[in-house]
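What follows is a set of notes on a single structure, which appears directly below.
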Amino acid sequence: MENQAKRSKQSSSSGRRSLKRKLEGDFEDDRKVSSPFSHDDDDAHQDLAPEVRTQVEILESTFSSTEADRASAKRAIHVLSELAKNEEIVNVVVDCGAVPALVKHLQVPSLGSEGDGGQMPYEHEVEKGSAFTLGLLAIKPEHQQLIVDAEALPHLVDLLKRHKTAQNSRAVNGVIRRAADAITNLAHENSSIKTRVRIEGGIPPLVELLEFVDAKVQRAAAGALRTLAFKNDENKNQIVECNALPTLILMLRSEDTAIHYEAVGVIGNLVHSSPNIKKDVLLAGALQPVIGLLSSSCPESQREAALLLGQFAATDSDCKIHIVQRGAVPPLIEMLQSLDAQLREMSAFALGRLAQVT
């Protein structure tokens, strides 16, 4: 049974998934972020409501291409993003109408005659700030649907393609990364939104971004695909159909621990309860780089690799033989001595699978 081992929940000091994405995998149910917003807290933060409303009003009145309006919008979004970083204030920000105003500024206003010589002032910066702030607001499940209902997803998907119509720059990379992170947070533990992302065409550009030159964009795209693949068969199939596997397997060999951690996580979610995809992954050559990650300096990657090998070992006896022949057993045994309880748990799971008679 796939639920023989339960992966312990990952914690984050900030609790914001956009800053530290949680493991999503074989042995845990969807998790809910718990941050009660008590009446006392509510009262304590209500004095911020006038300030939030002021910033929302600025956003509602500055959707134009003039430099003054773009600068005002950028400042207002920055204020809202700083407030949204505090989970106890997120409700106030949402209740004061920030979501539709922020969604509006995911779009680029028409460049009128008052524009700066054909150049959009603060190009990409306003949209990046809006995507980032919406991602912070999406930390609470009750806000995810509100943001999607405000039609944020089509605009976020458009932002994923920004590099195709704009010269590559740090600003372009930033807006793409924030859009991918926002999609990750919106779809987290929300099966209907995962499906909606696919319907809105979000998966092909995310797969394409796995090959992006900027490593931060690569990681963000992989993180979004990891979330979208979790317990969603149609999303899994489309990710594979978009030819993501060769790139993901290359990412497994990356020296950047964050990149190979996200890549092994995507693959793990793809193969979970999907025997056909599991075969595709093995045929694509994933086994050796996954075994290599057992010796990674990144404990999270080690855990994911051990878990994935346990999944591979359930395929057939030939696969078990290949796993053993390619050197997986010694590092798995070494992991049993780790002080990390989750490492011990995952290595024991993988070794147990290898020892089972099929």
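Glycine too: its Cβ is placed from the backbone N, Cα and C atoms.
Look at TrEMBL and you will find 21-33 tagged as compositional bias 'Basic and acidic residues'. Positions annotated as region 'Disordered' by TrEMBL: 1-51. Feature annotation from TrEMBL assigns repeat 'ARM' to 151-201, 201-236, 243-285. Summarising the annotation, TrEMBL assigns repeat 'HEAT' to 328-358.
When Cβ-Cβ distances below 8 Å are used as the criterion, the repeat 'ARM' (243-285) is approached by residues 2, 23-26, 207, 210-211, 215, 218-219, 222-223, 225-226, 229-231, 233, 236-237, 292-293, 296-298, 300-301, 304-305, 307-308, 311-312, 315, 319 of the same chain, each at least six residues removed from its ends.
According to DSSP, the repeat 'ARM' (151-201) comprises 39 helix, 0 strand, 12 coil. Sequence-distant neighbours of the repeat 'ARM' (201-236) (same chain, 6+ residues past either end, Cβ-Cβ under 8 Å): 21, 24-25, 30, 153, 156-157, 160-161, 163, 168, 173, 176-177, 180-181, 183-184, 187-188, 191, 194-195, 242-244, 247-248, 251, 256, 258-259, 262-263, 265-266, 269-270, 272, 274, 277.
The DSSP breakdown of the repeat 'HEAT' (328-358), given as helix, strand and coil counts, is 22 helix, 0 strand, 9 coil.
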